[in-house]
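Enquirer: I'd like to ask you about the structure that follows.
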Amino acid sequence: MLQRCGRRLLLALVGALLACLLVLTADPPPTPVPAERGRRALRSLAGSSGAAPGPGSRAAVDPGVLVREVHSLSEYFSLLTRARRDADPPPGVASRQGDGHPRPPAEVLSPRDVFIAVKTTRKFHRARLDLLFETWISRHKEMTFIFTDGEDEALAKHTGNVVLTNCSAAHSRQALSCKMAVEYDRFIESGKKWFCHVDDDNYVNLRALLRLLASYPHTQDVYIGKPSLDRPIQATERISEHRVRPVHFWFATGGAGFCISRGLALKMGPWASGGHFMSTAERIRLPDDCTIGYIVEALLGVPLIRSGLFHSHLENLQQVPTTELHEQVTLSYGMFENKRNAVHIKGPFSVEADPSRFRSIHCHLYPDTPWCPRTAIL
């Protein structure tokens, strides 16, 4: 009798244990709430250790952005969008589809719709500007404006679009911001659709530039160029005489050139027009191109569209493929790691006769130019 009861009790216990196991394995864990999803996703972006990616990472952003606690779903999506933008391939490249073909034009553009500002200084008029007038500026003088700090009769004979800025000739952040302020005001007065800034050591491929800008409506907020840093710049913003706060943002380096749509430029007015650009630059105590990024990204919340079609002397220009020169918007020359830095291109001119390679590039793009030798340009 006792043995029979013991067996029944044992079978009942085993059955109960099996039922519990079935319930536990069949019932999934509770779904995390949206805020918890946000925290987990941001931790996965930051890495298992919770640290931000290193400088060499494609998703290099301000570490404080990735590891701080997220308190709302909207905040999470804002941070995640920024991190994904850093991890994605450079858009421009951003103006191109995955198959390598240009995006369909958003509007029809002509050269008269674009305002190209070339920043220079008196001492470089002969050494740099003469080369630009001989090459790319010769194609569209009417859309190109020279912003300089000194009068020059010889320069005035080249073009009527010379703007004397009354700014210092020094290469200081104040002098650079002074010239940018004049550039901005002249663009607004012009009524043109696009503002593009370049330096006097840039070659501008006008066909590629128009093709790129036509991909975006000029009435929308568009800020396109190439950053020289692999993460947002961190600055100190002066709020009042005794108060400052940290601020971080992306900016397109002026040495590669950048473009801004008229729709966005008009929104920049409170911080850029009528001399306000200088006072805005003093708030962060950084040069002109950084100040543009500060106004656009930090104050207006418009993200930089990063394009691999802009190039400065700060990068290794030897890596620009000759077969893709016709697609590049800007090129440059100078020194890189104590070596001569220019696009590697075979052409009718030797390196000694054409150290910048701008003449060879121009003949490659425009072989019908009268002074280009009638030889095969590789």
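Each Cβ is built from the backbone N, Cα and C atoms, and glycine gets one as well.
I grabbed these lines from Swiss-Prot:
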type     : residues       : note
TOPO_DOM : 1-8            : topological domain 'Cytoplasmic'
TRANSMEM : 9-29           : transmembrane segment
TOPO_DOM : 30-378         : topological domain 'Lumenal'
REGION   : 85-108         : region 'Disordered'
BINDING  : ARG128, ASP200 : substrate binding site
CARBOHYD : ASN166         : N-linked glycosylation site
DISULFID : CYS167-CYS178  : disulfide bond
DISULFID : CYS196-CYS259  : disulfide bond
BINDING  : ASP201, HIS313 : Mn(2+) binding site
ACT_SITE : ASP289         : active site
DISULFID : CYS363-CYS372  : disulfide bond
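Let's see these features in context: how buried, what's close, how far.
Expert: Within the same chain, the residues at least 6 positions away from ASP200 (substrate binding site) whose Cβ sits under 8 Å from its Cβ are VAL118, LYS119, THR120, THR121, PHE124, ARG128, LEU129, LEU132, listed in sequence order.
Take the CB of ASN166 (N-linked glycosylation site) and look out to 10 A: across all protein chains shown you find 9 other CB atoms. ASN166 (N-linked glycosylation site) falls outside any helix or strand according to DSSP and counts as coil.
In this view, CYS167 (disulfide bond) is surrounded by 22 other Cβ atoms within 10 Å of its Cβ, with every protein chain counted.
Taking a C-beta cut-off of under 8 angstroms and a sequence separation of 6 or more, CYS196 (disulfide bond) has the following same-chain neighbours: VAL114, PHE115, ILE116, ALA117, VAL204, LEU209, LEU213, GLY257, PHE258, CYS259, ILE260.
The Cβ of ASP201 (Mn(2+) binding site) lies under 8 Å from the Cβ of ARG128, GLY255, HIS313, SER332, TYR333, GLY334, SER356, each of these being in the same chain and 6 or more residues away along the sequence.
Within the same chain, the residues at least 6 positions away from ASP289 (active site) whose Cβ sits under 8 Å from its Cβ are MET180, HIS197, PHE251, ALA252, THR253, GLY254, GLY255, PHE258, listed in sequence order.
Under the DSSP three-state reduction, CYS363 (disulfide bond) is assigned to helix.
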Enquirer: Rounded to the nearest angstrom, how far is the Cα of ASN166 (N-linked glycosylation site) from the Cα of CYS178 (disulfide bond)?
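Expert: About 9 Å separates the two Cα atoms.
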Enquirer: Inside 10 Å of the Cβ of HIS313 (Mn(2+) binding site), count up the other Cβ atoms and send me the figure.
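Expert: By my count, 19.
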Enquirer: My understanding is the cutoff is Cβ-Cβ under 8 Å with a sequence separation of 6 or more in the same chain; which residues meet that for CYS372 (disulfide bond)?
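Expert: The list for CYS372 (disulfide bond) reads PRO348, HIS362, CYS363, TYR366, given in order along the sequence.
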